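Accompanying notes for the structure given below.
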């Protein structure tokens, strides 16, 4: 019996040779010798389909071929063998290799079929062949001596048997139907718990992270980590992670906006610090996990938020939350060098919602640079914002799986806009965030202005803003520090041009200047000694420490004038207060986080507002 395949006259003329369909013997060696650049269209027989590695389903097609594979009934039948195809487009997948275990065992190249034509099916395997591992040198002496072919009927001849089907040497094997979105028992992602022993989920990959290398907690060396998210047709999402070999195999399979079946794995409690799906659990892949493509397109899920009011953020420390708020303030991009010597880009954004609570969102890198300045006054949604706490103050950060959207299409957005336009100017806001940036306008960011007397009498921790503080005394302006990148440790001079850094355990013939300033600040209520380091001191004196050090060597009088000129000038100070214990005695230690000239155009109205509130108090 012959299996029917519809073949056009054009295909017959293109691929037929004297009424036969011949296999392209030796094609793989020719392809690897050309380093994948060969334009030959080979005639190949599907002889076997099997798993790429233990636990991972291995029959995959390029997504653009799904409709064709379904029409040809190829997916689900190819593992029975016998199909003859013409491969019109093929390439070597640079993302991974089959059977790769380590750098010493590189595995076989993964060939991806991106275009094919089905010519015939239902044939016995012509020859077992030799497995080609991609090493062209190993097979350089291989010379094909056999010609394998089958009779191929001309479809243009009336009465020809089997429209284009070649003679079959065996009955067609039973065919397995291709998997589709609605087939089989699929477990809703929302019901996944450790108490379900067997499950099979189907979802769209809505987030895929890069394959990362990290240190194993056991200290056993490096470990590969890969994570992605699947979202089912109901909009429920779950985070899935794999490690080492399992991670590498999954990374080569999973593609964003593609649908997959997944079964087998460990269900564990979600780590809310990194998990932005909102699911109480997450999955860990094992060697027994199976991933298979789903050939029915799952629609991309609409944005679903479990909105956390900003006033409730303090109860979600180190967790991820969904936020819907208005952009109330956008700070300029702040570029600086971290203590580790890395170039950093940061932007602070203040958000407010109908609870009249203000919280700071911190953006880094490209997100900070690309955030739109005209976003001011727009509604912003953040799915999976990470809640961070520092000294009792809370802020939001963007995690790897967080999703930010301006003016989202949600029913509650118009009401939030209406509240902002009508009520924002009237309400008394509550700020729950600390502002830890070195630059920007400290007066506008924090309205908690305090006198020095209040600061010292109450021994306030966290941050405080000191209005109108001024210098009364300065000492220890600049010091010699380690020249190594990322290190600012003070060095010890061992001899002529010999400087020792205990932290780096190195001795060098040079050093770099660094700020370490002790300053006394005074206002009408008292005084306090504070410490200034690199960024705040650079902003205060208006020059880098290296330039000030050169000035010290060249002109001592000009060097001294830098400090005398700064005395008795008014600034707003952002101060961090931290208890420090030495010899069983605890004292408050005050460090400067930032300083700005007093913005009198806003400071005076602020004082007038405070006076009005005081006059309304009943004695």
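Using N, Cα and C of the backbone, Cβ positions are placed for all residues, glycine too.
Keep in mind that this is a model prediction, so the values were computed, not measured.
When the ranges 89-120, 121-152, 153-184, 185-216 are checked against TrEMBL, the one recorded as region 'Disordered' is 153-184. With helix defined as DSSP H, G or I and strand as E or B, the domain 'Replication factor A C-terminal' (474-604) counts 32 helix, 61 strand, 38 coil. Secondary structure counts, DSSP: the domain 'Replication protein A OB' (316-405) has 10 helix, 58 strand, 22 coil.
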